[in-house]
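Enquirer: Would you mind keeping the following structure in view while I ask a few things?
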Amino acid sequence: MQAHGILVRARAPGSAMAPPPAPRRRPCRVSATAVRSRVTHSMPPEKAEVFRSLEGWASRSLLPLLKPVEGCWQPTDFLPDSSSEMFEHEVRELRARAAGLPDDYFVVLVGDMVTEEALPTYQTMINTLDGVRDETGASACPWAVWTRAWTAEENRHGDILGKYMYLSGRVDMRMVEKTVQYLIGSGMDPGTENNPYLGFVYTSFQERATAVSHGNTARLARAHGDDVLARACGTIAADEKRHETAYGRIVEQLLRLDPDGAVLAVADMMRKRITMPAHLMHDGRDMGLFDHFAAVAQRLGVYTARDYADIVEFLVKRWKLETLEAGLSGEGRRARDFVCGLPQRMRRASERAEDRANKDEPRKVKFSWIFDREVTL
Ligand SMILES: [Fe+2]
Ligand SMILES: [Fe+2]
């Protein structure tokens, strides 16, 4: 590994993953304690061969997980038809349904939508990965074909949520649009080091995290009486699940071909903690915006510290890490044991944090996304 030891920036504690490490009602203090060192190209060049050897497999087992465009849903399937005479009536119906959704729900929905809208950053990130990047922009290599089609599928997620919000009249769209612009300009720092081992562990986790989050916004929309939004969020969640399956399969292949390298990569990402893709979110006003959004998501049960532990546990089982033995060095065995014990340790820590948080006074924060109305963290 090439550790150049250059510090790139400080990150606020609590921004390390989608939920804060604990439900927080305390004032969010931004401090410069957590730093990520700049490590680049940490995969030894000879390991690029692993990805070349998997190209046939990727064509057979990965690309079929993409849906043909002709069979795909599109945002307009869930929205009023602007070419129809019924358009105004359908918009009024949409607004009547949206009126039943509380402000805190909209905060989480906007945060999810903003996260999806930073898609240029995610495609860029994947194309930083050595051995799998799209070398030309239209490469026929199966890794590149996957990445472009994955991006194209993902592109519908922010689109449907944004158009729905615009029509709902519940959201300050200009502030939301500014947040998207700031976020794309800021990028992200998941610590994947141009290393596809790390990159695909990250995407396996993140696709499941987004599936959980969109699944829960679907559940809450239904509970509040907005069945159309519930179907849209549920449909997004189904896409995320399909993508999770694909990325999970890649790591499975890495564990088969290079168990030591793969398990070390899993442990490395888990030690760093999985950063939420939108961790650099900003609206030009609230310096703690991401933490505040994550705290509301935690309180509503849309994405929580327990979900994080559940995802780690799911991946441990999905990749059969507990019984992984063959081909492991001593370091590999220690990495495996670290990852396998992680969900239990995280749950204990989150329970202690929940107990502490329950003793705190609930705190309210204004969100520009909903016209500066206050929401409880
Ligand atoms: Fe998505
Ligand atoms: Fe996704």
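Note: Cβ is positioned from N, Cα and C throughout, glycine not excepted.
From TrEMBL, for reference:
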type: BINDING; residues: E116, E154, H157, E240; note: Fe cation 1 binding site
type: BINDING; residues: E154, E207, E240, H243; note: Fe cation 2 binding site
type: REGION; residues: 1-27; note: region 'Disordered'
Enquirer: Relative to the Cβ of H243 (Fe cation 2 binding site), which residues of the same chain, six or more apart in sequence, are found under 8 Å away?
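Expert: Set apart from H243 (Fe cation 2 binding site) by at least 6 residues yet with Cβ under 8 Å, we have L65, W150, E153, E154, T203, E207.
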Enquirer: Just counting, how many other CB atoms are there within 10 A of the CB of H157 (Fe cation 1 binding site)?
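Expert: 25, counting other Cβ atoms within 10 Å of H157 (Fe cation 1 binding site).
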Enquirer: Near ligand 1, which of the binding-site residues show up if the criterion is a Cβ under 6 Å from one of its atoms? Options: E154, E207, H243.
Expert: E154
Enquirer: Please list, in sequence order, every residue of the chain apart from E154, E207, E240, H243 whose Cβ lies within 8 Å of the Cβ centroid of the Fe cation 2 site.
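Expert: Going along the sequence, the neighbours appear as W150, E153, Q206, T210, A211, D239, K241, R242, E244.
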Enquirer: Here are the binding-site residues: E154, E207. Which has the lowest count of other Cβ atoms within 10 Å?
Expert: E154
Enquirer: Setting E116, E154, H157, E240 aside, what same-chain residues sit with their Cβ within 8 Å of the center of the Cβ atoms that define the Fe cation 1 site, listed in sequence order?
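Expert: Other same-chain residues with Cβ inside the cutoff are L119, E153, N155, R156, G158, T210, H214, I236, D239.
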Enquirer: Count the other Cβ atoms sitting within 10 Å of the Cβ of E116 (Fe cation 1 binding site), across every protein chain shown.
Expert: 24
